[in-house]
Structure formats: structure tokens, C-alpha cells
Amino acid sequence: MFAASFRLLRNAKRVNSSIRLESTLVIAEHNNEILSPITCNVLSAAKQIGGDITVLVAGTKCDTVAKAASNANGINKVLLANNEAFKGFTSESLTPLILAMHKQNKYTHILAGASAFGKSLLPRIAAKLDVSPVSDIIGIKAPDSFVRTIYAGNAIQTIKVKDNVKVVSVRGTSFEASSLEGGNATCESVPSGDYKTNLVEFIKQDISKSDRPELTSAKVVVSGGRGLKSGENFKLLYSLADKLNAAVGASRAAVDAGYVSNDLQVGQTGKIVAPDLYIAVGISGAIQHLAGMKDSKTIVAINKDPEAPIFQVADYGLVADLFKAVPTFTEKLK
């Protein structure tokens, strides 16, 4: 009897020792002053996974960002890495740091936002870890099961990941923003190291400044397409956007035509938005554009073509000449 009990106890210990608790590393996106909104969405995704959550804040003189992250609800630890090598936040310089942190702490998940930053960084990390990255998830069913869209948003895919470490980019618009209040995480400085790389050198960054809200976090977005016919005519949208305190976006066709810069592009190959109100002006509704905005709460379409695909996803549609409709709409808002 004692022998049987001993075997059961020994087997129980063996099973318990094989259980790996969830632990997530969230790579914070920031500008050395404030956290990017998408990081708060990623934190919500990390909470759904469960287990301990560590936030890595890497940059130059980014102590303020680390402090803000430590106040986030549900965070266990913040790792602060101040180093001139991280100037410009290049994936080539950040990858060795993240790999070193993973080697030391054995995370089960490494998360970042599905932004230009995350899309550049995570595939490199996954390749170094010899695992497959999971991109642009919109839901979490279990710590190893994730939901994402495929075929330009026309189908939903659930995937089960068997890799020991899951490298995942998170679509910010699919998760509520986690609060940056109510937490009291410990903040630790990462040991200094030589993270400088010869692969790339950061020279400078020219950031366009605007008084309008940032496109991916705006509550209202006014987007224009090829129907505007020129960049000059985008002034119609700027006037409307100013009345609504809205961000301005554009379709790929408008960007390719040179009407506006590509940082305004909304769509599968641009930015994903999900505002409370999305106004599509002169946009036909190509599949790749719909993939970037169809999760908007309310969609209003203005197009002179009654057969335009955009009307299939619009909550309100106006078949009219945009050059007459938009000025009238703007005038009514005065």
C-alpha cells in the first residue's frame, strides 16, 4: 500500500513539474515620452492569455514611459532598457535585447501590436527562435489558440500553436484598451549590454505633424478615394474633418495616384481602423480597403455609383456627387 502511494505521489510530482505556467512579454511601443495607444490594446490581449505579464520598455531616456507602464492594471513587472543603440527603435537593435530577456525568463508568449513597429520586429524574433509568428490576431480562445482574419477579412481562421513560445502580433482595434491606472508593478532596469548592430544605422525620422487625431485611434475618420480626382480636392475632406474633429484617411487608389501620402492609407496594406464613425467619400470599396475599416461602428458612404461595393457594408449610403454633397454636409455642421 505504501509502495502504491509512493508511486502515485512520485507521478503527481512529475506531472506538476511538467506544467508550464503562462508568462507573457509585451513589447511596448512608444516615442520615449508616451506609450502608443496600441500597447494598451496589447495589454488587454495579454490579460486574456493569463499568467504573469512583463512589459519591456526599450528606448533612450524613456523612464517616463516605464513609469506609465508600471501603473497599468494587471502588470507584474516592467523592464526598462535605456540605450543609445535603441535610438530609432530599429528591429535589428531590439531583437538581441528581446532574445536575451527571453533566454533569461523563458516566456511562453511574446506580444506586440500589429503596427509597422510590431510587423517589422516580431517576424525577426520568431525567425531567431525558430518558431512561426502569428500575425494580426483578433481574438484569443486559449493560451495556444488564436483567431485572425484571412482572405482580406472575408474568412475567420482559428489556429492552434504548438511552439513552446508564441510570437504574436495583436490587432489593436479588436481589443479594448487596458487602463493605465490601478497597477503598481515593479520596475527593473535591464543590465547594460552592447546592442549596437552593424546591420543598420538610424539617421533621422521625419514625422508629419497634424492637429487632427491620430488615424488609428480617432473616434471619427473621414477617408477619400480616387473619386476625389486630385490631391487638391482632398481639401474638401480636411474641412469636413476639422468640423468633426476627425482624422483623415485614404484608399490605396488615392495613395497610389499621389493624392496623399501613404501614412493616410487605410486597408489591408495600410492601417486598420475601427472608429465610432467612418465616412467614405469617393471610395468604391475594394476588398483590401474594406478589410481595414469594416469593423467601424457606423459607416457612411458617399459615392455617385449606386453599385459601388462600399454600399454593401455601409450603414448609411448617399448616392450623390461628392463635390456637391461634401460642401453641403460641411456647411450644415457650422
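The backbone N, Cα and C atoms fix where each Cβ goes, glycine too.
Just so you know, TrEMBL annotations never went through curation; they're auto-generated.
Going by TrEMBL, these are the annotated features:
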- Arg226, 251-252, 265-269, 282-289, Asn303: FAD binding site (BINDING)
- 24-206: domain 'Electron transfer flavoprotein alpha/beta-subunit N-terminal' (DOMAIN)
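Residues within less than 8 Å, Cβ to Cβ, of Gln265 (FAD binding site) and separated from it by at least 6 positions along the same chain comprise Gly249, Ala250, Ser251, Arg252, Val255, Lys271.
Around the Cβ of Ile283 (FAD binding site), a 10 Å sphere holds 31 further Cβ atoms from the protein chains shown.
Look at Gln265 (FAD binding site): DSSP puts it in a strand. Take the CB of Arg226 (FAD binding site) and look out to 10 A: across all protein chains shown you find 18 other CB atoms. Sorting the binding-site residues Gln268, Ala286, His289 by the number of other Cβ atoms within 10 Å puts His289 first. Looking just at the domain 'Electron transfer flavoprotein alpha/beta-subunit N-terminal' (24-206), the mean pLDDT is 94.
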